[in-house]
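Feature annotations, courtesy of Swiss-Prot:
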- D7: active site (ACT_SITE)
- E67: active site (ACT_SITE)
- D139: active site (ACT_SITE)
- D7, D139: Mg(2+) 1 binding site (BINDING)
- E67: Mg(2+) 2 binding site (BINDING)
Amino acid sequence: MKILGIDPGSRITGYGIVTKEGNRLIHVDNGAIFTDSAKDFPSRLKRIYGSLSEIIETYRPDAVAVENIFFSNNVQSALKLGQARGAAIVAGVNAGLDVFEYTALQVKQAVVGNGKAAKQQVQQMIKVLLNLPEIAQEDASDALAVAICHAHSVTIKRLTSASVQEIKSKRYK
């Protein structure tokens with residue numbers, strides 16, 4: 001399964017692509033989409049959408065995982081972040097992909113095993129899990145973490161579903 005993780009932002013949107021083969025996680029690519037703050041906001045959203053659409057077309061992921069907004073003290077920033085998330089989600093949906101959302105707490109829990117882990121701990125664990133030569137750019141690293149979170153979530157859902165089916169089959173025999 002190939003997963004595109006996205007860390008949306010109105011100035012910088014990180015992306016990370018991870019393949020899960022059995023129990024192995026394999027790094028495919030990562031990077032950041034930078035928008036020009038001198039341009040109007042709709043043009044910046046168009047850049048995010050267009051760049052992610054190109055990435056989806058190039059790498060053909062099976063699923064998209066996006067970091068969810070937790071909170072923001074600045075209403076204007078939260079609205080812009082929400083719109084950037086919307087552009088990312090639409091890029092995935094428009095390509096016919098399922099889009100999954102995870103909170104920062106869920107991502108940290110999946111990657112480090114501690115929902116309150118420091119950013120440096122998460123970055124270091126990503127480097128180890130994906131056998132990267134160095135820590136990825138901050139936004140790209142966050143996106144890789146979201147992709148890893150989804151990879152782990154799919155495994156857990158599969159195991160849970162199999163266990164439920166096994167219990168049901170025994171109960172009705």
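Cβ coordinates come from backbone N, Cα and C, glycine included.
Sequence features annotated in Swiss-Prot and their locations in the structure.
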residue : record      : CB count, 10 Å
D7      : active site : 28
E67     : active site : 25
D139    : active site : 23
Helix, strand or coil at D139 (active site) [DSSP, three-state]: helix
Cα-Cα distance linking E67 (active site) and D139 (active site), given in Å to the nearest integer: 11
Distance, D7 (active site) to E67 (active site) (CA atoms, angstrom): 6
